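See structure below.
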């Protein structure tokens with residue numbers, strides 16, 4: 001299937017069911033029969049829309065990546081007046097974006113090390129880091145932030161946000177969700193101190 005072609009309502013429904021299932025059970029354990037049941041359709045309908053389970057997975061995750069790339073490009077294309085503004089808005093944006101694409105993001109993290117899954121799951125975090133690093137370097141050139149290692153800051157900041165997402169996802173299945181002192185605000189504040197020594 002050509003991912004540039006607009007998806008039909010049925011295909012979107014199948015993809016939604018697929019993402020929900022694989023984020024819990026994983027790619028290998030999720031079957032087309034389970035997807036069909038979850039989507040409320042016959043299994044044959046899946047194969048009328050996608051040639052195979054692998055193609056379904058590939059289209060589903062590529063569609064998520066396309067949407068995330070558009071959101072990332074639009075956000076980081078903005079002007080940021082200070083390190084505080086940059087990190088506050090970036091942290092809020094990343095958490096919201098990761099939550100909006102939660103199933104795809106969680107699956108990509110869980111499937112790290114699965115060579116077969118790499119064939120159908122693009123690395124969305126890699127693109128986020130690439131653009132994040134580029135923006136930090138732009139701000140360094142404009143003398144708006146300290147002379148820091150952009151790759152390290154982007155990696156640590158992004159993974160701290162992902163950690164919040166994974167904790168939230170885990171708590172959904174806990175009878176007594178764990179409460180942590182680490183919040184989006186505390187993460188942002190810690191990195192503001194790293195990038196702007198004048199910040200309190």
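Cβ coordinates come from backbone N, Cα and C, glycine included.
Residues 1, 8, 10-11, 13-14, 16-18, 20-21, 25, 56, 59 of the same chain lie 6+ residues outside the DNA-binding region (31-50) yet bring a C-beta within less than 8 angstroms of a C-beta in it. Taken from TrEMBL, the feature DNA-binding region applies to 31-50.
Taken from TrEMBL, the feature domain 'HTH tetR-type' applies to 8-68. In the domain 'HTH tetR-type' (8-68), helix, strand and coil residues by DSSP number 48 helix, 0 strand, 13 coil.
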